[in-house]
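Notes follow once the structure below has been shown.
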Amino acid sequence: MEDKECNRVDFMRLVSEESCSSTVTDELCVNYQTEIFDQLPSSLARQRTHHHHQDRGTTETSHLVEKHLGQAGEARDRAPTQPIRSLPVCMQRKREARDLRHLQTRTVGRWESWKRNQSINRKRLWEQVGEAMSRLLPWSSTLHTIEGRFGVGVKAYFVFLRYLLYLNLLLCLVIGGTILTPRVVYDSDGDRGLLRFEENDSVLDLFVGSGFLERSPVFYGFYARSSLDLLCLNTPLLFLLGTLTVLILSLVMVVRRTVVGYKHTWLLGNRYHIHMSYKVFCGWDFCIQDPEVATLKLSFIRNELKLYLEEERFQQREARRTLGQWARLYFLRGLLHFLVLVLLGGAFCLIYYATMASQAERSGDYLILRVLLHYLPPIVITLVNFILPHVFRHISFLEDYSITTQVNATLVRSIFLKLASLGMYLFFLFRNSQQECWENQFGKEMYKLSVFDFLACFCNTFFIAYPRKWLLDRYPSSWLARLSGKQHFLIPFNVLDLVYSQTVTWVGLFYCPMLPFIETVKLMAIFYIKKLTVLQCCVPAQRMFRASSSSVLFHFMLLLGLIMAVITLGSNLHKFEPSSSCGPFVGSATVFNVTAVCVDSLPGPAQSTLRYLSSEAFVLPLILAQIVVLTSFESRRRANGKAIERLKDMLVMVGYLLITVLVNPIPAGDGRLPTDNSISEP
């Protein structure tokens, strides 16, 4: 029995290096396709439909093509859009592929051949355009360097930051086209201007959001009704349209990104593993000639091997646990979960008292003290969001999870802390908001949260990270240097800062329309600040984690922030009446009354159509149609999953047969394969 166990061959499903890359390593990589997808039921059905009208050749020509297919071997035209000269085969196989394409062309008519050539040319053109666009992406060389030194996880943060920058640039275009530009062009008060300075204005207004900044396009009160005052084209309607467009566009982009990442993570989930020998013997690119690129490639392989070894070490330790050890571990995890709840409750109490102190009137205090009191809630929220995630990180370490699970648990707890603290602050703020132009006041609070978040990032880099690096370089043996230790770039906390900042932008969008512009500038500055922090102050982490699953969690947390912003904004617009002293909705009972006025001015058929589309009679068939579509997609998903499992088993069987032939070659004249018993024999 022992000999049989020793001689047993274990087979693991391997994937190519391209399919093992993370979803965040290349933003243009949307459809993750492999060759086995050509055998899925849906793909086969499309191929049968596509090739049905092509089977018009003679039987003799078809047999000739089949014969040539058998002779071509590796030169089968699996990628007809790829030029023959770029195929990774020898010259003989390229000639066979060329002859095969000629034979396939003669089996169809001229019109079908011309359409096929045009389709191939279009696909090649789009591939070249995509490659050119990928080379134009900003910060590509910087991201490549960061990935080589710190792994794909740190690079995932910077790619996520770049994605948010693109998103905010798109939001800026929408806000500029629907809200800002019409207000400036059709300004009824021509000498009002975008900025109006008065005697009491100061530099501190930039931080508080008062003075000249309060009278600028940054806040809600600037966008009063202008000369553009038609029934279906006016400032209030454009303001509402721009806000809804931004939210819907953000929802579509974030959901699409999350779904694509989840699809890739599911495809390369637990059933796929990267064998160590595959990385050692097949991971090197022999086309590399630059020494720096070779060093980076070596770092890539080393980081992936460290990750693999870390996961294997944890799985072995987990497999050796006894029942008593599992019981003690679950009891410890229960106590730590209770501790997390206590810490969250204490954080919410601090935010409540800070909000009450900030809203209190103090007219006799000094200017600096008043500014600090204005910033008291952002300061408390920032301190809570800075300290507690580190506590959560140590708690997840004590819970003895794998490195990827530790990161994900810290992310979930920290994002709940950040979003819940922001939600509690908004609740306390709205409950005590009794000012005349409460929209401007709420916009100021969101503006202060955004500004203070950037100030915290700046101070953390130049007043904490750099002095700490200097201390470690100059006095490495001092007790303070040993206490602080080496700096690592903590991916979860930095990603949470980005999610929190973007959530603040979405929440304050209606009351501070210029927040996307501010967020764009802030993200560009944060990129270079974090780049300096990583390259100058941090060292690579000793424990690596896989970024593919965490990148999906990044976008899922961003989706949660967007949902929270939509719920908060919708409830506020529905519950509170617009102020009668500022803004475009002066005199309206609710914000949505402007749409009712526009609908009433339309012709009768148009009114009936719009009212039907907004009624329950249309919603019910729409929901039923969505259920039918989702059911069909779920059926196709299950069918494709079963086909993938069958193809995996077939690959394992083929590998088994190959290993069998290599271990015990077939004797001459014998056509049968050796059995399992022959393999087990010494």
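Placement of Cβ uses the backbone N, Cα and C atoms for every residue, glycine included.
Caution: TrEMBL annotation is automatic and unverified by curators.
Annotated in TrEMBL:
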COMPBIAS  55-64  compositional bias 'Basic and acidic residues'
DOMAIN    437-548  domain 'TMC'
REGION    44-64  region 'Disordered'
TRANSMEM  163-186  transmembrane segment
TRANSMEM  237-255  transmembrane segment
TRANSMEM  330-355  transmembrane segment
TRANSMEM  367-388  transmembrane segment
TRANSMEM  409-429  transmembrane segment
TRANSMEM  552-571  transmembrane segment
TRANSMEM  612-630  transmembrane segment
TRANSMEM  650-668  transmembrane segment
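Per-stretch counts of Cβ pairs under 8 Å to the transmembrane segment (367-388) identify 330-355 as the leading one among 330-355, 552-571, 612-630. Sequence-distant residue pairs (6 or more apart) of the transmembrane segment (552-571) and the transmembrane segment (237-255) include at least 3 whose Cβ atoms are under 8 Å, placing the two stretches in contact. DSSP states for the domain 'TMC' (437-548), grouped as helix (H, G, I), strand (E, B) and coil, give 85 helix, 0 strand, 27 coil. The average pLDDT the prediction assigns to the domain 'TMC' (437-548) is 85.
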